[in-house]
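Engineer: Next up is a structure, given as structure tokens.
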Amino acid sequence: MVDHILRLKLALLGSAFRGAASAVRALLVLVLAGGVGAALILLAREVQVDRADHRAALIIVASAIALGIVVAPLSAGLGSALEPRRFAAFPVPRGQLALGLMLAGVIGIPGALAVTLGIAFEIAWADTDKAGLAILAGVIGAIVLVMVSQYLVAVTAQLAVSSAAVRMITAAARLTIALALGAAAMAVLLVQSGDDTEGLIEVASVVAATPLGFLWAAPGGVDAEIAWRLFGGAVAVAALVAAWPWVVSRIVEAPQRIRSAPAIRGLGWFDLVPATASAAIAARSLLYWTRDARYRAVIIALPVAPALMMVALALAGAPVPLLWLIPVPVFALFLGWFSHNDVAYDHSAMWMHVAAPLRGFSDRWGRVVPPLLIGTPLILLASPLAALWSEVPDVYPAVVGTGLGLLLTGLGVSSVSSALTPYPAARPGAGPWDQPPLIGAAAGWVQSFTLLAILAFMSPSLTLAVMGLLDEDPEMLELAGWAGGATGFGMLVLGILIGGFVFRRRAPELLGLLMRT
Amino acid sequence: MKQAKPATRRTGKPEVTAPGAKKPAGVAPGAKKAAPSTAKAPRAARSPRAKPEPPPVVVEVTSLRKTYGSTVAVDDIDLTVRRGSMFGVVGPNGAGKTTTLSMITGLLRPDSGTVLVAGSDVWRDPIAAKRVTGVLPDRMRLFDRLTGAQLLYYCGMLHGLDRSTASSRTEDLGVALGIEGSLNRPVRDYSIGMVKKISLAAAMIHSPRVLVLDEPFESVDPVSTSQAIDLLQRYTASGGTVLLSSHNMALVERVCDSVAVIVDGSVLAVGTLDEVRGKQSLEERFVELAGGRVAVEGLEWLTTFSD
């Protein structure tokens with residue numbers, strides 16, 4: 001049985017070369033892996049383990065490559081991953097299945113790289129009095145890598161319930177590999193240039209404390225530490241080996257991957273809001289914001305944009321305290337702007353709103369509630385901190401005022417635009433990064449126009465705020481805050497009224513547009 | 001709203017549900033195939049039963065028309081549905097049934113024509129008309145992250161019910177349609193048949209005067225279909241009106257009292273079930289109206305087996 005699984009694995013590997021496109025891809029992967037392997041061996045011969053910075057680089061490189069190897073099987077897309085559940089339908093004895101899968105893990109590029117890494121590690125320590133210990137550490141390390149990667153494949157295959165999820169996992173694995181290779185290359189370059197060896201050693205000591213670098217740091221330590229690290233590695237191998245058959249049989253015997261969601265008692269959000277149409281729409285919208293991957297991705301991505309801007313500006317040499325004025329307004333701007341295509345996310349389920357005797361106002365107002373609930377508290381909480389850290393005196397009113405103003409103005413503009421100019425969005429149930437079949441040029445225009453409209457409406461307040469900052473004029477800053485708040489409130493009310501009117505008038509056309517996507 | 005339209009024969013509504021088979025005068029160049037001339041004869045001559053007082057008209061469709069480019073999807077259709085009636089719209093694929101029903105429910109704007117539901121013009125006074133209409137559209141999504149109970153409650157709220165009414169009706173409908181055990185599961189986990197049932201419940205929760213159901217029994221099992229039909233019959237017996245479309249002639253024959261046959265966007269026959277089908281079964285009459293069986297030619301190779 002075991003040899004069947006191994007033969008299957010070989011056949012799968014061979015199949016990568018069938019067809020021109022996939023053969024080219026497989027070849028590229030092979031070249032990349034071969035390059036990494038060769039580089040490992042060559043570098044290992046250069047390493048002088050008596051130098052602290054070389055030892056540090058060795059730990060970092062080995063740990064980074066190890067991380068890459070562990071996630072490597074996931075980067076191929078799980079399509080033909082040998083994972084336990086695939087054998088659930090066959091009468092394979094569990095023990096043999098576990099053994100076969102484990103051995104199959106060694107065959108293939110990740111397995112080969114794991115072995116290469118172990119060998120390279122041993123070469124690095126050869127000709128020293130710790131060569132024997134290094135061999136032990138290398139062997140244990142390679143085994144741990146192969147096993148952990150098998151566990152990872154088995155567990156991830158359980159999680160990969162949809163093709164969108166598989167794509168996400170694949171992308172994450174590839175990103176991890178790229179980062180790992182980058183980190184390894186960086187360590188090598190740093191040690192060659194001889195700059196900042198202090199930093200390198202510091203990083204290495206941190207990595208050595210994690211499971212990732214635990215073994216690779218073993219030969220570099222003093223006696224007790226070596227013993228402790230090698231013992232830890234051995235225990236890990238033993239635990240991984242012992243638990244594997246159990247994990248395999250668990251997965252095989254409980255093959256259903258989608259467990260039906262636990263029955264929900266009561267009506268959730270609907271029980272908490274008043275019994276009106278707008279409140280029900282708000283509750284439904286809130287439920288989608290919290291449960292739907294398309295909305296959740298945005299909630300996760302929103303804080304990233306300001307953070308990236310801050311990092312970029314800081315690298316460009318902007319004074320850091322001042323950069324703390326960025327996050328609140330940027331976050332508010334994008335949160336308000338995100339709703340500009342909200343209707344498209346309903347897809348044809350929007351018919352319920354069209355077929356009901358619903359005021360346009362109710363629809364618009366309901367959709368605005370979730371971003372308001374998410375944004376307002378965050379802005380109110382973050383503004384004092386941002387104002388404090390920016391070290392600009394009296395800036396607080398301007399931060400909170402422009403923040404709220406941008407959010408509310410954004411929601412007002414979105415209320416109109418999502419009724420007036422929706423464009424195709426990812427379908428319900430799709431992954432957050434799935435694109436609709438056709439987007440068209442309109443999407444780009446709508447996106448930029450709505451963003452510009454928000455900024456244009458807020459420009460008086462923003463101008464006042466900037467002027468106040470430059471002149472260090474507290475009165476101007478306070479005025480900017482009030483202006484922002486007032487603009488936001490006005491624009492929100494106006495947006496909901498106009499948006500509601502447009503929605504009521506155009507509801508059938510909207511529905512037709514959404515159905516065509 | 002007023003647009004140039006081909007001469008409509010009848011604008012005033014006759015007493016009975018009897019607009020005769022109307023000839024699509026010189027239209028439908030893009031239509032798939034010309035309606036056969038044999039089908040133009042008025043429906044079987046059965047004198048309308050002399051009832052003293054026919055029930056009032058609840059849905060009145062006049063010269064409803066919808067074109068997509070040069071294709072005429074719905075060609076000046078007139079329909080009259082009376083209170084308490086179970087009215088079936090039948091027709092081949094692509095005949096314009098869904099288009100017609102969508103225009104009646106306010107989901108699709110007609111090019112011209114009027115729709116009155118319980119006296120309110122769907123396209124002039126949509127709020128009033130939609131308050132009394134229950135809709136089950138075909139092939140449209142639901143907010144499927146909601147549980148069945150949440151969806152029904154949501155629908156109730158959109159129609160202005162209060163909390164306790166929405167909740168108690170949710171329970172009642174769940175029991176009546178046999179989905180009470182699934183109401184706490186997300187709708188996305190439902191099978192297609194269950195989605196139809198929850199959609200039917202959603203259409204009924206605000207106790208509308210008129211139900212407009214597009215293919216309500218497609219992919220619903222026989223047991224559930226009977227349950228749903230019982231529910232609908234109780235509804236019509238108490239004064240509700242149902243307008244439904246279906247491919248299933250046997251089912252239409254069983255449950256509907258009036259039928260309209262729509263082919264290529266025109267009503268070819270309309271009236272009570274007996275008036276339309278005459279001596280034949282509805283299916284035979286329908287095939288005859290819809291163009292008859294086309295003799296299959298040119299597939300001789302299909303009758304000589306390759307081995």
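Going from the start of the chain as shown, residues are counted 1 onward.
The backbone N, Cα and C atoms fix where each Cβ goes, and this holds for glycine too.
Keep in mind that what you see is a predicted model, and the values were worked out from it rather than measured.
Here's the feature list from TrEMBL:
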- A:20-44: transmembrane segment (TRANSMEM)
- A:56-78: transmembrane segment (TRANSMEM)
- A:98-121: transmembrane segment (TRANSMEM)
- A:165-191: transmembrane segment (TRANSMEM)
- A:203-220: transmembrane segment (TRANSMEM)
- A:226-248: transmembrane segment (TRANSMEM)
- A:295-315: transmembrane segment (TRANSMEM)
- A:322-338: transmembrane segment (TRANSMEM)
- A:368-389: transmembrane segment (TRANSMEM)
- A:395-417: transmembrane segment (TRANSMEM)
- A:438-459: transmembrane segment (TRANSMEM)
- A:479-503: transmembrane segment (TRANSMEM)
Engineer: Near the transmembrane segment (A:203-220), which same-chain residues lie under 8 Å Cβ to Cβ, leaving out any that are not at least 6 residues past its ends?
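Structural biologist: For the transmembrane segment (A:203-220), the sequence-distant neighbours (Cβ-Cβ under 8 Å, at least 6 residues beyond its ends) are 49, 55-60, 62-63, 66-67, 121, 125, 128, 130, 133-134, 137, 140-141, 144, 226, 229-230, 232-233, 236.
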Engineer: Compare A:56-78, A:98-121, A:479-503 by their Cβ pairs under 8 Å to the transmembrane segment (A:20-44) and return the stretch that comes out on top.
Structural biologist: A:98-121
Engineer: Hey, would you say the transmembrane segment (A:438-459) packs against the transmembrane segment (A:322-338), going by three or more CB pairs under 8 A that are 6+ residues apart?
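Structural biologist: In contact, yes.
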Engineer: Looking at A:56-78, A:226-248, A:368-389, A:479-503, which one has the highest count of Cβ pairs under 8 angstroms to the transmembrane segment (A:98-121)?
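Structural biologist: The stretch with the most close Cβ contacts to the transmembrane segment (A:98-121) is A:56-78.
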Engineer: Can you name the far-off residues of the same chain, 6+ from the ends of the transmembrane segment (A:56-78), with a Cβ under 8 Å from a Cβ of it?
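Structural biologist: Cβ under 8 Å, 6 or more out: 36, 40, 43, 47, 49, 105, 108-110, 113-114, 117, 120-121, 124, 141, 145, 148-150, 152-153, 156-157, 160, 166-167, 169-170, 172-174, 176-177, 180-181, 183-184, 187-188, 190-191, 197, 200-201, 203-205, 207-208, 210, 212-213, 216-217, 220.
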Engineer: Can you work out which residues elsewhere in the same chain, 6+ from the ends of the transmembrane segment (A:226-248), have a Cβ less than 8 Å from its Cβ atoms?
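Structural biologist: Residues 84, 94-95, 97-98, 101-102, 130, 133, 136-137, 140-141, 143-144, 147-148, 150-151, 154, 211, 214-215, 217-219.
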Engineer: In the same chain, which residue numbers or ranges, 6 or more beyond the ends of the transmembrane segment (A:165-191), come under 8 angstroms Cβ to Cβ?
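Structural biologist: Tertiary neighbours of the transmembrane segment (A:165-191) are 36, 43, 53-54, 56-57, 60-61, 64-65, 67-68, 71-72, 74-79, 156, 159, 197, 199-200, 431, 433.
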Engineer: Taking residues 6+ outside the transmembrane segment (A:479-503), which of them lie with a CB under 8 Å of any CB in it?
Structural biologist: 359-365, 368, 396-409, 411-416, 418-420, 457-458, 460-462, 464-465, 467-468, 510
Engineer: Could you give the residue numbers and ranges of same-chain residues that sit at least 6 residues beyond the transmembrane segment (A:322-338) on either side and whose C-beta is under 8 angstroms from one of its C-beta atoms?
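Structural biologist: Same-chain residues near the transmembrane segment (A:322-338) but 6 or more away: 298, 302-303, 305-307, 309-310, 313-314, 371, 374-375, 378-379, 382-383, 386-387, 389-392, 395, 399-400, 402-411, 413-414, 450-451, 454-455, 462, 469.
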